[in-house]
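Data block below; observations after.
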Amino acid sequence: MILPLFNDEAQAKTFLGTLDAVFMVAYASGLFFWGWLGDRSNPKYVIITGMVGSAVTANWFGKANRGFIMGMWASCQSLGNVFGSYFVAIVLPLGYQNTFKTSAPEGEPISIIRAVLLPGVLAYCLCNACLKLVNYAFFFWLPLYLTEAYQWEEAKADELSVWYDIGGIVGSVAGGYISDKLGYRSPLIVLMLSASLGALFIYSHAGPALIWNAFIMTIVGITISGPYNLIVGTISIDLGSQPILANNAQAMATVSGLLDGTGSVGSAVGQLFVPLMQNRFGWQSVFYLFMALVCFLVEGAPICFP
């Protein structure tokens, strides 16, 4: 007779939340450390160390789906070769000598304390701690929510949950393009987060209609995951290349790791609260938590988005 791992469903959810939190803590620790190290060491050695570590830990898990997953991941090399070849063909008429026309400026790596004190960094770190909590809560808990709320099969719930990520892709690409045209990123992020309040409320009452559910889920992805991707991607680069740094490219990794690492700490704390609130008050309370966090960001926009 095979005994169950947990005594009840609430205990299982609490374990899942704890597991997610532990993962996010480890993830945050890595971001802080590798971001700091990346500005002080040759990036090639940092990447090689990470790859060796990945190779070692990969052998700790099963091999059933490893070929497909790693095949997809490793295809980035071939994709880079395709774009690289076309790029070389375009710039070759300019003369290869221009590649060495100017030397890249050298700068000293900055400390984490100095990175925190850079204009806008602390504010965006606090913002990302809240926003990444919401974004990763959808990543971790959305399939389970769909299964429990609408009694859908797990495979069906997993398939439908991809629409949130599709929305994130649309939101980050469109948001990045629009912010480039506007010349400002913060107002667009505030606008998208304001729209997410309505999207979150509607989605919490969306119902089991597949097309409607997927549509609202996509809107939530656009307005939540889109701003998150802008902050950890475009804005982290903006913050790491401020004029105050005098084009010190070595500050980039520290600022990026600090920004994403702080977000991961906030997300880790949030993953502990999600099962606790769901077990006690139901899934609606979780959505209200998300809306409260977004309200905090929107109301504190002058501080969070300088």
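Even glycines carry a Cβ here, placed using N, Cα and C.
Fair warning: this is a prediction, and the values are worked out from it, not measured in the lab.
Copied from TrEMBL, the annotated features are:
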- 116-306: domain 'Major facilitator superfamily (MFS) profile' (DOMAIN)
- 15-38: transmembrane segment (TRANSMEM)
- 45-62: transmembrane segment (TRANSMEM)
- 68-94: transmembrane segment (TRANSMEM)
- 115-142: transmembrane segment (TRANSMEM)
- 186-204: transmembrane segment (TRANSMEM)
- 210-231: transmembrane segment (TRANSMEM)
- 251-274: transmembrane segment (TRANSMEM)
- 286-305: transmembrane segment (TRANSMEM)
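Listed stretches 115-142, 210-231, 251-274 were compared with the transmembrane segment (186-204); the greatest number of C-beta pairs under 8 angstroms is found for 210-231. Tertiary neighbourhood of the transmembrane segment (210-231): same-chain residues 124, 127-128, 131-132, 134-135, 138, 142, 146, 160-161, 163-168, 170-172, 174-176, 179, 185, 188-189, 192-193, 195-196, 199-200, 202-203, 259, 263, 294, selected by CB-CB distance under 8 Å and a gap of 6+ residues from either end.
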